[in-house]
């Protein structure tokens with residue numbers, strides 16, 4: 001008897017599943033808080049060279065602040081002062097009414113920088129002067145974090161497929177909390193980046209294990225609804241990040257504040273069930289039966305599954321697997337699995353690359369960063385409702401294609417919108433962000449349905465690895481504006497369009513049984 005049939009009999013989305021969703025909400029809301037934290041953590045305030053070294057000159061000391069800046073720092077044709085250059089000595093010919101002429105020589109900032117603290121009290125940039133020639137180090141903090149996520153995804157995927165979802169979730173909670181707090185107390189840039197690397201590695205476990213555990217307890221007919229409901233945790237976390245960041249302007253306190261929900265998650269872990277689907281696939285029928293009966297009792301459907309015994313569960317699992325242990329290599333051993341792994345990996349790369357390319361550039365549209373983040377977060381809620389209906393009507397594959405291609409189209413349009421049209425650029429960006437968020441929501445559910453139970457966590461770990469590879473590269477793409485100011489936008493657009501077309505090669509999973517074993521992938525899916 002298929003496990004999906006058992007779940008349908010005992011109500012695949014009842015009180016048991018709702019309790020499971022709510023328990024995991026405390027940990028899942030921390031994911032967007034950390035994944036998008038660099039928008040505030042590594043924000044670069046307006047800055048200019050520190051000109052105090054020039055104040056020992058008599059006439060210079062009598063000038064107003066703005067006059068001091070005009071004679072000390074070069075400006076471009078639009079009158080905008082340089083952020084990285086200063087004059088070797090005051091250039092009084094730039095004062096109004098001056099008749100003197102003198103050749104001006106500029107050099108890189110000699111005595112550090114002065115930052116505008118009106119928006120951010122302190123960030124990584126102000127802490128370690130990550131500007132000008134060191135601005136790449138600032139972008140690298142996001143890359144290092146997502147490299148950690150990239151490393152943690154296959155690691156936790158493998159371990160949770162081997163030892164279970166529940167124990168590895170606790171490991172993720174504890175390690176994420178520990179490394180996040182340590183990063184907040186970092187005494188150097190190197191220490192901070194190392195701690196962020198391990199924070200990302202630990203959070204990867206929460207990201208992939210929690211989603212799989214939730215979906216594995218839902219029946220076929222409720223799977224789409226549950227997948228969209230689970231994605232609302234990301235929206236809630238996005239709002240939470242915006243609110244906390246608005247109230248906490250110091251980067252160290254901000255890290256501690258957005259990590260605090262994990263404390264609740266650790267205490268609530270004791271009420272988390274193991275995946276009965278995983279237990280059955282691993283031949284642990286007695287333990288699976290206990291959780292199934294617990295679920296049926298809470299959902300008031302005990303009579304419906306009275307005939308299900310541990311022996312029946314054990315025989316159904318042994319008949320297919322023979323207690324075989326699976327590894328990452330099984331993702332590429334057989335033809336259909338290999339095609340699935342390669343195709344889904346490419347699509348995941350495009351989804352993550354595009355989403356974070358937009359999400360980590362909230363200052364690039366001309367509005368207040370807190371307002372932009374709030375708009376980006378708020379557009380996700382109605383978009384998820386739209387996604388639910390599209391998933392049910394046109395299926396996963398067509399929805400994923402449409403979302404990615406639409407995101408690419410919005411990025412293409414914004415290439416031609418002038419920089420001074422901040423409102424127009426933000427509107428188009430919000431539409432693109434909503435499409436990229438839709439593609440992320442769809443792909444999480446889609447991937448869970450594509451991979452069989454025995455290697456589902458390996459599959460999610462692998463696709464998350466490829467996706468986080470895209471995320472790791474995404475912040476660095478912004479540095480290409482030194483080559484050509486439109487190159488970052490063109491790159492994000494091209495990747496979104498290409499990967500949207502690749503999504504056409506994936507199989508449809510609407511109203512199909514979740515595969516339990518690799519053999520289910522190698523034969524046609526049953527409706």
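Here the Cβ of each residue, glycine as well, is placed from N, Cα and C on the backbone.
Feature list (source: TrEMBL):
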DOMAIN    85-511  domain 'Major facilitator superfamily (MFS) profile'
TRANSMEM  140-160  transmembrane segment
TRANSMEM  167-185  transmembrane segment
TRANSMEM  191-213  transmembrane segment
TRANSMEM  225-248  transmembrane segment
TRANSMEM  254-272  transmembrane segment
TRANSMEM  340-358  transmembrane segment
TRANSMEM  370-391  transmembrane segment
TRANSMEM  398-417  transmembrane segment
TRANSMEM  423-447  transmembrane segment
TRANSMEM  459-480  transmembrane segment
TRANSMEM  486-506  transmembrane segment
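Note: the stretches the transmembrane segment (486-506) and the transmembrane segment (340-358) are in contact (3+ CB pairs below 8 A, sequence gap of 6 or more). Ranking 167-185, 191-213, 398-417 by CB pairs under 8 A with the transmembrane segment (370-391) puts 398-417 at the top. Sequence-distant contacts of the transmembrane segment (340-358) (same chain, at least 6 residues past either end, Cβ-Cβ under 8 Å): 35, 146, 331-332, 376, 400, 404, 407-408, 411, 429, 432-433, 436-437, 439-440, 443, 447, 450-451, 459, 462-464, 466-471, 473-475, 477, 488, 492, 495-496, 498-500, 502-503, 505-507, 521. Same-chain neighbours of the transmembrane segment (191-213): 20, 24, 27-28, 30-31, 34-35, 124, 140-141, 144-153, 155-157, 160, 165-166, 168-169, 171-173, 175-176, 178-180, 182-183, 230, 272, 275, 444, 448, 456-457, 460-461, 464, 468, counting only residues six or more beyond its ends whose CB sits under 8 Å from a CB of the stretch.
When Cβ-Cβ distances below 8 Å are used as the criterion, the transmembrane segment (459-480) is approached by residues 38, 135-136, 139-140, 142-143, 146-147, 149-151, 153-158, 204, 207-208, 211-212, 328, 331, 341, 344-346, 348-353, 356-357, 360-361, 447-448, 450-452, 487-488, 491-492, 495 of the same chain, each at least six residues removed from its ends.
Confidence over the domain 'Major facilitator superfamily (MFS) profile' (85-511), given as mean pLDDT on the 0 to 100 scale, stands at 85.
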